[in-house]
């Protein structure tokens, strides 16, 4: 082969690589430090704080927590099965209160599959039936004309389909069809913008269905939907490299990894996203257990779709707990808290130690009187549900903003205000 032939061969190879999304190996110490942040969360063993995504993230990562990890799965099984198998359904939605949501049940099934377990037998059949019932109820809420909205979200809808798929449980074509319609007609938008994590989750569900061929009548629609979602995600890449934002990028990469899109610089886009993510990890952006558990598989070249055939014998590095060292006394900062959505509007300057979370600021404001708030525990941490006695209604939520008008990407437990910042709590619609 002449010099020109060799050059053309190399260029052809580089072109092929550019069409494929692969994540090169990451510094093991950085991954280990990220995994260590999950360990404290594994000490919260009440049902409201249990998070199956932690177990899934560890099992798909290059890390393990040994006996601690096994005990966490044991507690998950005891708590979820006791709660879920005691749940009976009727037409009254009040039956769902104080019970794991559809998304939590789906993540629990993913956790079982991550341990190479398939749900079967009487107990397994009841869990599957409950998740199918959740999805059927969501399908009814969306309506035969697709004009309605699910009670939860299309994100949880896609997660539910994915969880049943990895256990090889078939859903009716009409259930899958609602998610296909939502993707095709862009009903995954949030405040007019593409919800990258929602379409990525839908794409993971469709990829599983495509590999498993559980809905052959929808095969061609599923394939088109996956291609459509990949294109949407690539178009949503920011100049910094994120797909949507820093926290939606891990799920987007889970979908794009090992994908092939001829004629598209997929490899370049993924490498740019990887670089942006690693910079964010080093800056301490990943503190939330759910977000970390979605990122760890990516850094190990894995995705939730790998739970179709999990490798439970793969070697994983043992995580060692971080030894806490006493921190020096912290300076006091002042944060202005504003709530314009109530009458009269609330505004106050709150003094807290540097490094305090926004949740710490809210607690301090409540202690000072004149301010009150309520939260609900979710897999993503505490979710703000009411401020000054005003509850968020249907299709409403309490938005967190840094003045003058910058939405916060983190929740109240993760965001750390800086000295002099003004934080606004605004009742918004979606």
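The backbone N, Cα and C atoms fix where each Cβ goes, and this holds for glycine too.
Caution: TrEMBL annotation is automatic and unverified by curators.
Positions annotated as cyanocob(III)alamin binding site by TrEMBL: 152, 153, 154, 155, 156, 197, 245, 294, 398, 399, 400, 408, 430.
Positions annotated as disulfide bond by TrEMBL: 21-270 (among others). In the structure as shown, the Cβ atom of residue 21 (disulfide bond) sits within 10 Å of 25 other Cβ atoms.
Other C-beta atoms found within 10 angstroms of the C-beta of residue 208 (disulfide bond) number 24, with every protein chain shown included. Positions annotated as disulfide bond by TrEMBL: 165-208 (among others).
For 1-18, the entry in TrEMBL reads signal peptide.
For residue 165 (disulfide bond), applying a Cβ distance below 8 Å and a minimum sequence separation of six or more within one chain yields 205, 208, 209, 212, 214, 308. Between the farthest pair of Cα atoms in the cyanocob(III)alamin binding residues (152, 153, 154, 155, 156, 197, 245, 294, 398, 399, 400, 408, 430), the distance is 25 Å. On the backbone, the CA of residue 430 (cyanocob(III)alamin binding site) and the CA of residue 21 (disulfide bond) stand 33 Å apart. Listed binding-site residues: 152, 156, 245; maximum Cβ neighbour count within 10 Å falls on 156. Of the recorded residues, residue 152 (cyanocob(III)alamin binding site) and residue 270 (disulfide bond) place their C-alpha atoms 30 Å from one another. Remark: residue 400 (cyanocob(III)alamin binding site) has 358, 384, 407, 408, 411, 412, 415, 423, 424, 425 as non-local neighbours, by Cβ distance under 8 Å and separation of at least 6 in sequence. Of all the binding-site residues in the record (154, 156, 245, 398), the one with the smallest CA separation from residue 21 (disulfide bond) is 245.
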